[in-house]
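*Asks:* To start, I am sharing the structure in question, which I have written as structure tokens.
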Amino acid sequence: MKILGIETSCDDTCAAIIKASGGIRRPKFKVLSNVVSSQVKVHQKYGGVVPTLAAREHAKNIKPVVKKAFQGTGYRVQDIDLIAVTTHPGLLPALLVGVHAARTIAWWLHKPILGINHLEAHLVANLLGDKKKQNTPNQSLRSGTGQARNKIQTLFPAVGLIVSGGHTQLVLMRDFGKMKIIGETRDDAAGEAFDKVAKMLGLPFPGGPPVAALAAKKQDTRSKIQISLPRPMIDSNDFDFSFSGLKTAVLYLLRDNPQIPKTDVAASFQQAVVDVLTAKTIRAAKKYKAKTVMLGGGVAANQELRRQLRSALTKLEPIPYTLYPIPSLALDNAAMIAATAYLHWLKGERNTWQQIKVRI
Ligand code: KG4
Ligand code: ZN
């Protein structure tokens, strides 16, 4: 099955073509193209994504991005068997552009279309490999910590940690498509906190990568982190998060200690975020006896989070699989949207363009 994925929930205009085969127990995916057109330059000066500007850029980019996704694949839009588009969650004006484009193609070519939950797709990204390789869940599981398993059902129950610029959620997955939110941030998302702290440190947007790079310099020196920042809600009896207090603590720290090395601040902040995310994820994995822990979203690209979470998970008995998306697929992309649509298609979901709407 050849699937066209479209994603415009935030500030990247994305289109991808994947080839999917196999049944629900052993789905196979091949990413034929994965085009991401970033709007970073447009939003950079605001230190965050401006929804109306994002929509304007998506409207400008969507046609060339979809066109580009077909280049080199040997397929034309007529050859597509299914269209997949993000319908929720996301910025309303931004989502509307992708949904409108996808509906138009489905209407024009009389093709089936499925609306996809962006957050579920971030977890499905774990089943995808890079462009050249055909990937089965089995192959991606080999890179996990446990023994390889053959069937997709053995992934579940799974606990997913979705950490992006707009979301921080812990979800319980009984199956793909059966996702329950068990905890989420009460204020800022983890990625948003990275972005705001980066701004305070004079670093560019998006802030995750430069803050992580600065923090790594501190770790390189192997000197201990002296600053103590709060770990909000780390001991609360739920799976919720809060990052706005941590962000404010960094603000006051910088105001009261203008000479403080930026590397120390970056490393302390990152460690506080990693501690909270790790503690809650481990607690959820224990409570729900998770066979797999999956990470998704832009912050999932953070190497310290990956390293420390994996290390903490190895202390559980039995050790759950840990699945991380390959770095290029941790960030927003349309290949994950297309792959999620395939799993839903296999379960019998069918829609026409009239049924697809943005869900807010
Ligand atoms: O999933 P994503 O691409 O878009 C949203 O749906 O938000 O995530 C973007 C977020 C940004 O806040 C960015 O700063 C953060 O992911 N991010 C990181 C890293 N790479 C991206 N945060 C921490 N460490 C990273 N290496
Ligand atoms: Zn995302």
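Glycine residues also receive a Cβ, built from the backbone N, Cα and C atoms like all the rest.
Pulled from TrEMBL, these are the listed features:
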{"type": "BINDING", "residues": "His118, His122, Asp332", "note": "Fe cation binding site"}
{"type": "BINDING", "residues": "Ile162, Val163, Ser164, Gly165, Gly166, Asp195, Gly208, Asn302", "note": "substrate binding site"}
{"type": "DOMAIN", "residues": "30-338", "note": "domain 'Gcp-like'"}
*Asks:* Find the one among the binding-site residues His118, His122, Asp332 whose C-alpha lies closest to that of Gly208 (substrate binding site).
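*Replies:* It is Asp332, whose Cα lies nearest.
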*Asks:* Using a Cβ cut-off of under 6 Å to any atom of ligand 1, determine which of the binding-site residues His118, Ile162, Val163, Ser164 qualify.
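*Replies:* With ligand 1 as the reference and 6 Å as the Cβ limit, the list reads Ser164.
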*Asks:* For Gly208 (substrate binding site), which DSSP three-state class applies?
*Replies:* helix
*Asks:* Of these binding-site residues, Asp195, Asp332, which scores lowest on Cβ atoms within 10 Å?
*Replies:* Asp195
*Asks:* Just counting, how many other CB atoms are there within 10 A of the CB of Gly166 (substrate binding site)?
*Replies:* 21
*Asks:* Taking all residues of the domain 'Gcp-like' (30-338) together, what is their mean pLDDT?
*Replies:* 90
*Asks:* Count the Cβ atoms, other than its own, that fall within 10 Å of the Cβ of Ser164 (substrate binding site), considering every protein chain shown.
*Replies:* 25
*Asks:* Measuring CA to CA, name the entry from the binding-site residues Ile162, Val163, Ser164, Asp195, Asn302 that ends up nearest Asp332 (Fe cation binding site).
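*Replies:* Going through Ile162, Val163, Ser164, Asp195, Asn302 one by one, the closest to Asp332 (Fe cation binding site) is Ser164.
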*Asks:* Enumerate in sequence order the binding-site residues Ile162, Gly165, Asp332 whose Cβ-atom distance to ligand 2 is under 6 angstroms.
*Replies:* Asp332
*Asks:* Per DSSP, to which secondary structure element type does Asp195 (substrate binding site) belong, with helix, strand and coil as the options?
*Replies:* helix
*Asks:* So, in DSSP terms, is Ile162 (substrate binding site) helix, strand, or coil?
*Replies:* strand
*Asks:* Applying the rule Cβ within 8 Å of the centroid of the Cβ atoms of His118, His122, Asp332, what extra residues of the same chain belong around the Fe cation site?
*Replies:* Glu7, Ser9, Cys10, Thr86, Leu119, Ala121, Ala125, Ser164, Gly296, Gly297, Asn333, Met336, Ile337
